[in-house]
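A.B. asks: Checked TrEMBL, it gives:
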type	residues	note
SIGNAL	1-30	signal peptide
DOMAIN	28-330	domain 'GH10'
ACT_SITE	Glu264	active site, nucleophile
REGION	330-358	region 'Disordered'
COMPBIAS	334-356	compositional bias 'Low complexity'
DOMAIN	354-454	domain 'CBM2'
Amino acid sequence: MRRSRAILTVLTTGALTAGALTVLSPAADAASTLGSAAAGQGRYFGTAVSINRLSDATYSSILNREFNSVTAENEMKIDALEPQQNQFNYTTADRLITRANEMGAKVRGHTLAWHSQQPGWMQSMSGTALRNAMKNHITQVMTHYKGKIDSWDVVNEAFDDSNGGRRDSNLQRTGNDWIEDAFKTARAADPAVKLCYNDYNTDNWTWAKTQGVYNMVKDFKARGVPIDCVGFQSHFNSGSPYPSNYRTTLQNFADLGVDVQITELDIEGSGTTQANTYANVVRDCLAVTRCNGITVWGIRDSDSWRASGTPLLFDANGNPKQAYTSTLAALGGSTSSPSPSTSSSASPSPSVSQSSGTRACTATVTVNAWTGGFVTSVKVTAGSAALTGWTTGLTLPAGSAVTNSWSATASGTSGAVSFTNVGYNGTVPAGGTTEFGFQGTGSAPSTTATCTAR
Ligand code: XIL
């Protein structure tokens, strides 16, 4: 049973309810590729793919081995898919879908509405005609790729670099509502796929551009404009360095109720500095429950759009760089252990539960009490499998009552009470944590809590 439940008492790491299971065997075979290590954390690790490089044997074999998500570097852009108005050419892009299916990889769709890489006919359009052409493009392309794409970059790079406002473009000049019009059109075309806004220089929380995008997403959520995710391109270099508040940025966006994805990662540099920055980016994503995955913008340095900055994980010969090793390690993988057959590819054994597939969690309780009241914070830690939800329970002393809680839904206010994840914090990667809290009157509960994983 995949959804078997496991109950653990705080600070004990054993004792599962599901009978006859060996518990939490230490990670005997750490994943040895980026994709399998990320999968072990409930994430994907992807790359941009340039379709004409698939015939390069080195490129192709690294792609197959390491990645479980792909983005077309150019082949799903507007000029590629609709070279003449209303004449769509899907042949090249469809090859990537076929390849992704062969690899068992997800596909990020990139990108439906953008000021750049527009076909000539679109560049010279304006007003209602352009708005309608944009909507037609979104509808046609999304219909063609229905069911084949995990997340679409619906709108790309719509914000100005310095002032936090909109970028001037022919699309922007069709009216300020062009972005929400694009998202509404996208939702109507395919209600199942995730719809993302994607941009660069939105990594540093203090930058005006970051705030501009944040405020737009907040407004969309408040008004019910459909948006599911925000993509952070994260092209890091000396002019746009990795910021120490990157995790804060990702978390603040996630707290708006959207997923976050690192969509075009490349980090110019070399050696230990570059390796450390890659590891920091990975750790930041893993720390944010709603960070779905990371895509690097190419495989070898020589494949990069910024090749001179050697910003990727493999050198021109296809050898893994120091940055590769640090990235893999940050994902919880290891190059030293030859994992025989990566377990994350979910062998569909119908009745036998593997310990690695058994969800478990622990709850650690911290109490700050005073005469007549208390505040309790609880850290939920996933076991060796990612969680899709959790409930923790504890017992209040007679006369005590919960008055309010945050980041969890409370059931009961006195005696035995329980707290269940809310929408945005049910998913916890293997070994990851999430926190919630509650306040109450009376004397404090003991620090013993149960944790039930889903
Ligand atoms: C780049 C590609 O890597 C290049 O091959 C192409 O010449 C230009 O576009 N932001 C994006 C990507 O959203 O689509 C861009 O890709 C890089 C910046």
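First residue shown is number 1, and so on along the chain.
Quick reminder: no glycine exception, Cβ is built from N, Cα and C everywhere.
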A.B. asks: Per DSSP, to which secondary structure element type does the residue listed as 'active site, nucleophile' belong, with helix, strand and coil as the options?
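C.D. replies: DSSP assigns the residue listed as 'active site, nucleophile' to strand.
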A.B. asks: Name, in the order they occur in the sequence, the residues of the same chain whose CB lies under 8 A from the CB of Glu264 (active site, nucleophile) and which sit 6 or more residues away.
C.D. replies: Ala48, Thr71, Tyr200, Gly231, Gln233, Ser234, His235, Thr295, Val296, Trp297
A.B. asks: What are the DSSP helix, strand and coil residue counts for the domain 'CBM2' (354-454)?
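C.D. replies: Looking at the domain 'CBM2' (354-454) with DSSP, the answer is 3 helix, 55 strand, 43 coil.
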A.B. asks: What mean pLDDT score does the domain 'CBM2' (354-454) have in the model?
C.D. replies: 85
